[in-house]
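Feature annotation from TrEMBL assigns transmembrane segment to B:20-42, B:63-85, B:97-118, B:127-145, B:174-192, B:222-243, B:249-268.
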Amino acid sequence: MTAPPVLDARGIDKAFLGVPVLSSVDLRIEQGEVHALVGENGAGKSTLMKILAGVHTADAGTIELGGRAVSFTHPLQAQRAGVATVFQEFNLLPELTVAENVHLGREPRRRGRIDRRAMAAATADLLADLGVDDLAPAAKVGSLSVAHQQITEIAKALSQGADLICMDEPTAALADAEVALLYRLVERLREKGVAVLYVSHRLREIFDLCDRITVLKDGRLVQCVDTADITPDDLVTAMVGRRIEAAFPERLPGTETGDVRLKVTGGGNARIDGVDLEVRAGEIVGLAGLQGSGRTEIAEAVFGIRPFTRGTVAVDGDVRRITSPRKAIKAGLALVTEDRKAEGLALNQSVRANARMVLDANAHLRSRRRLDRIPQILSGLDLVSRGDDQEVRYLSGGNQQKVVVAKWLAAEPGVIVLDEPTRGIDVGAKHRLYTQIRALAAEGLAVLLIASELIEVIGLADRIVVLHEGRIAGELPGGATEQEVMAYATGRRSTEDPA
Amino acid sequence: MTRLRGPVDLLRWAANPTGTVFVLLAVIFAWIFVLNDAFFAGPSFMAFLKQAAPLMVLAAGQYFVIVSGNFDLSVGALVGAQVVIAARLIDGEESRTVPVLLVMVGFGLLVGLVNGLITTVLKVQSFITTLGMLLVLFGAIRLWTGGAPTGGLSESFRTAGRMGIEGVPVLGQIPWAVIIMVAVGAGAILLMRTGFGRILMASGDNERAAGLAGARVDAARIAAFLLSGLSATIAGILIGGYAGVSAQVGDGLEFTVITAVVLGGVVLGGGRGSVLAAMAGALAIEALFSLFNQMALPATLRPTVQGAIIIAAVAYAARRRARPGSTAPHVSATANPS
């Protein structure tokens, strides 16, 4: 009889606030296996991992570890059962040493006192076993590189006796040389019989490292295959899947693509590099890319929140030094931010106060005419509220977003950047917003649209700029297929490759 | 404030922390009326308002700072410093009154500017900044005067705090202090309706959203401290005129005024409340102290009552805001680009 699988999860369901995130997902991982979990943003990878880590509890389904049924309601229970998770945000205490972190809460003791020597020796053994020779047990964690902190996390997991280590985008913050180190570490874990659940967007790593691949899409299991039996292109197709085409409003008649309104040349900062981008009047340019690919970073750089440190930005032909949102607004830019509650609205203030906030904040924009237009703008967006003096925190997400959009339209910008404008709003409001975006383009605005829902970018944008790891990987015409976009977004293709 | 459309709205208004203070004020006045209806005779009520005016002026200044998301604990010490400075510099000379008034305004603005710059540029929490300023002023004044204030105020200096328009029917005297207080209140209400006022409010509510909308959040907050310094200067002129010079002038006023503003339903942390309600809170505190007088309760009870009020008022506001469905989770104001 073969050994029971390290993990056998069946029929996992999970919903947040009534919205299903996972529907009867199965995941089976054998001993010593490196298992990839892949899918688009929002496919449910993180939720599944958090269920295994005990952060969330599944609504339905069973989880067996080594043949024993378990049910976690707290991360500590998962830890004790042998499931360790290395999140992107490490769970380490920076002021303590590597040895102290590895043994945190389980320090070896002698006569009631912590036995530091034993602790250091045990940590040194553990690191040697992992093939790591350049990390001192006495080093303070806060002073280590990201790669070494990650090793500390993995060593901690092993010292806790983990049979399964879940890694969330483990290479996201690593330099190339450090990735090689992680590869060696994962190989070593495999030899030791420790299973690894490897969550990553990077196809190369998946094909280099993993034995089998589980593909999730929209919270459902698409397939679970041996890596040897699938090609990277087929994997991308499996991740994207076939979807019923949502109805997107057509480009409005009379929309003319005019002069270049926004032009970024060679833009870069600590997070992005080599950004060349052009948006014309009447044009909707979509920025696509996986999480962390630099979409939001470009929006923030253009708008002066985390400005470009290299390259130039020109608005309507004039080169501008945009080093703050105030200067961006002066140049005629507007930014609908991704997080409307934290960044877009003063929730305790009225609809009116929020809608006129940009005008109030920028004296050069404040005019009777612009103020008088606000009610028109709000009704044009079909805002549903109890009146202009209602506090925006009482509005639905969709209506809140309309207030944010109204706030920017009141300033009559030339370029509008929309970062995830439909996040968390209902279908009807989404559609209304799509129509509005088309209308903005028809009025001659340049629209830069960021959305993690690929279908939105494809359905709305005239051109799609695809990002991969902070750089522009390629450009596609509107209406490109999701496979084409994903090929660039996952680094399968880039403009440098021969076509 | 929402327009009232019927008895239900009226009740809702009365139950919200801003409306509550007016109800409370009415209750306290009714109680005083029961004990002593002569309190509401023109001249005696005017005298009460004259006494309450400095605290109401301070409440308006404190309101600006609190609504923008900060505190100003230095106002009590600043009031004391201003009175002592006035006495020392005027030294009984009528001709020095106006120049000294200008010096006081300059000093009040300077203190506000320093508070504002330290809080915004150096990012020291305003609680600490202004607590430090309180101690600095307190110590500096005692060092300068050698412990006991010297000099004296001129008659014309004391006019604002003591005198008024005489011979008004029914009321007798309309004190200058009351006129100044009303003017300050009207100015504050108008200021809150300008772009500046809205940005100040938005900065206290969500500084990140305000900043992304192009607002100069730091500049607005510094301006709030300037207004607070100015209001402390005016309050100092009124108190000096009314009560004369002593070493204890202004002691503990910062706590009374914060109690008043909180009682007015202005939420600590910023972004909520009206300046009218803040000033009404100050009036309610003064009315409460008058009630204690009527009831012959010892004045030493005041700090205890103030402490109880500040806790109760904040707890009441927090409970109302925490009611399910009534509010979104409070957005942290620490979201900084870094």
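Note that Cβ sites are derived from N, Cα and C of the backbone, with glycine treated the same way.
Within its own chain, the transmembrane segment (B:249-268) has Cβ neighbours under 8 Å at 16-21, 24, 55, 58-59, 62-63, 66-67, 71-81, 83-84, 130, 134, 235-236, 239-240, 243, 274, 277-282, 284-285, 303, 306, 309-310, 313-314, 317, 321, counting only residues six or more beyond its boundaries. Stretch with the most C-beta contacts under 8 angstroms to the transmembrane segment (B:63-85), considering only B:20-42, B:97-118, B:127-145, B:222-243: B:222-243. Ranked by number of Cβ pairs under 8 Å to the transmembrane segment (B:127-145), the listed stretches B:20-42, B:97-118, B:222-243 are led by B:97-118. Non-local neighbours of the transmembrane segment (B:97-118) in the same chain are 72, 74, 78, 81-82, 85-86, 89-90, 124, 126, 129-130, 133, 137, 154, 156-157, 221-230, 232-233, 236-237; each lies 6+ residues outside the stretch with a CB under 8 Å from one of its CB atoms.
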